[in-house]
Amino acid sequence: MELLVVHPAIKAFMCGSLSGTCSTLLFQPLDLVKTRLQTLQTGVQPGSGRVGMVSVLLSVVRTERLLGLWKGVSPSFVRTIPGVGIYFSTYYSLKQHFLQDRRPGAAEAVLLGGGARTVAGVVMLPVTVVKTRFECGRYSYGSVIGALRSVCQTEGPAALFSGLMATLLRDVPFSGIYVMFYSQTKASLPKEISTSPVAPVANFSCGVLAGVLASLITQPADVVKTHVQVNPQLKTAEAIRYIYMEYGLQGFFRGAVPRSLRRTMMAAMAWTVYEQMMARIGLKS
């Protein structure tokens, strides 16, 4: 009963956090494989996503055992539980303030998704940096707190915000494009499906379609972001030049398959769980 009297934005935060927790636990191995693919040295593994994804997956299992695929899950949780909560509570607050209960148009959906992601991305960037370093295998941090302390002591607090521009260039367009495609495809569903017991499945399918399109469009920015956060001495422009010189244009799409799978499934699951939970507590998402 106490949940029913808290502020709607807090309810949205709690629903978002739970949905993000479920999706992160399930799809963390794909994020680790994506990060390893993007940070492989030139002489170690040619940049073929078709070969690289399978070989990296098998290599991790051989050298770090099966649980090695969940390396970095602690910082992922530290980032996701508050991060997805902040995203959905910001999204809900912006939607209620500007649109009330009206369905957003295409441009409005882009602005809502992008605005919510900007807030969540900036707040959670330090944990994102630590998570990326955990997954890449080049750093031997013992814990999230220890990693944060080590980065501050050896590189300065500014290093915790390395890759800010690349992160925003990746996440803000992704979220805006995703929300636009998701809301528009949902709106095109027949009313009989939207109000039937299979509505969650239909919504999930809309989320998968939106996630694939948004992931492919923003993949180059994700590769640049990973390189900047793993190599903090690189600036965004330098990282772009380095990737192009080392791998060519295809280098900007390294890790596209595991990232598309992960981002698509995580976003689709997070939105489906979030909307179902919001409906259960009597709020329109």
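Note: Cβ is positioned from N, Cα and C throughout, glycine not excepted.
Just so it is clear, the model here is predicted, and its values are computed rather than measured.
If you look up TrEMBL, you'll see 7-97 (among others) marked as repeat 'Solcar'. Per-class residue totals from DSSP over the repeat 'Solcar' (7-97), listed helix then strand then coil: 78 helix, 0 strand, 13 coil.
Annotated repeat 'Solcar' per TrEMBL: 108-188 (among others), in sequence order.
Note on the repeat 'Solcar' (198-280): DSSP counts are 74 helix, 0 strand, 9 coil. The repeat 'Solcar' annotation in TrEMBL covers 198-280 (among others).
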